[in-house]
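Visitor: Here it is: the structure, laid out below.
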Amino acid sequence: MKIKDAKKPSFPWFGMDIGGTLVKLSYFEPIDITAEEEQEEVESLKSIRKYLTSNVAYGSTGIRDVHLELKDLTLFGRRGNLHFIRFPTQDLPTFIQMGRDKNFSTLQTVLSATGGGAYKFEKDFRTIGNLHLHKLDELDCLVKGLLYIDSVSFNGQAECYYFANASEPERCQKMPFNLDDPYPLLVVNIGSGVSILAVHSKDNYKRVTGTSLGGGTFLGLCSLLTGCESFEEALEMASKGDSTQADRLVRDIYGGDYERFGLPGWAVASSFGNMIYKEKRETVSKEDLARATLVTITNNIGSVARMCAVNEKINRVVFVGNFLRVNTLSMKLLAYALDYWSKGQLKALFLEHEGYFGAVGALLGLPNFS
């Protein structure tokens, strides 16, 4: 899909999604610059492009996800590469100051942004960076960004995938999924919290519901229970733990399956239910607590998503958001839960650019104000 516009915005082209935990940035690097353009290009623009494309880390917390870079695509009639950068929201003032130091406001006075932080930090952009924010609706950006990324080739790879044999850990494997005909689609966006959208076409979508129990809940509870310092550390601990040490299962209550209502003995009856017993609290490890927290949050998201899919009569559920970044554990849990509890009627889908769709949607909004 090529997006063209008679009046192209001036470079540099950015889209920002300022979330409660992470800032996601999409940056378009033009590769079709003419000799005349290069001669006229000001030093500050060259400096910004070189800084962003020649580094994979910015300061101590900024990361460019090189493996997600989209090469040689066409946007607004220009050829270029699309880069994806993230950093903690708490470091946003440092980012704004960096833009000021590189004289960003001499090139652009308005930034295209979405997410709650576009409102929360609007004054900081204005007073520190001499920049104004063109604020776009985050759910609009999410849908537009998702559909755009799905429509362009991911450097010859599949953007969408699922897990085959999700119920068998030794046979479970990642498989490509063709999303050329995406509608209808249930989109479950897992960030700090969770929003669920029913998408029937590129212009026909609605927010169905959401839950406050999301990625922020997982990291917050893990920090309290285990003392972990980061999302990556929390996931590492969870990967080594056993949630059944903290959770109370159906078999712990019934001695086996609860056959009358079709509940298998391994199903969780009460998340953290074993923690009411002193002897269990004395033997549970921090890794077990991290795993139980991950399973609790993931199971809840899967349960809400399944009910929404049934109510909306949609059988394809795509999970996106930065909660799923480097979090194969939760993806496989979601894949298995949806397949098992729907008796194979629902398929859990995932996307490679999971957390960046809002930022891409903001980038696509550039011509609206340029």
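Using N, Cα and C of the backbone, Cβ positions are placed for all residues, glycine too.
Found this in Swiss-Prot, in case it helps:
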- E138: active site, proton acceptor (ACT_SITE)
- S192, S195, R207: acetyl-CoA binding site (BINDING)
Visitor: What's the CA-CA gap between the residue listed as 'active site, proton acceptor' and S195 (acetyl-CoA binding site) in angstrom, rounded?
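Guide: Here the two Cα atoms are 11 Å apart.
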Visitor: What kind of secondary structure is E138 (active site, proton acceptor) part of, going by DSSP in three states?
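Guide: Once the DSSP labels are grouped into three classes, E138 (active site, proton acceptor) ends up as helix.
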Visitor: For the acetyl-CoA site as recorded (S192, S195, R207), determine the largest distance between any two Cα atoms, in Å, rounded to the nearest integer.
Guide: 17
Visitor: How many neighbouring Cβ atoms, not counting its own, are there within 10 Å of the Cβ of E138 (active site, proton acceptor)?
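Guide: If we count other Cβ atoms within 10 Å of E138 (active site, proton acceptor), we arrive at 24.
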Visitor: Report the same-chain neighbours of S192 (acetyl-CoA binding site): residues 6+ apart in sequence with Cβ closer than 8 Å to its Cβ, ordered by sequence.
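Guide: Correct list: G19, G20, T21, G214, G215, G216.
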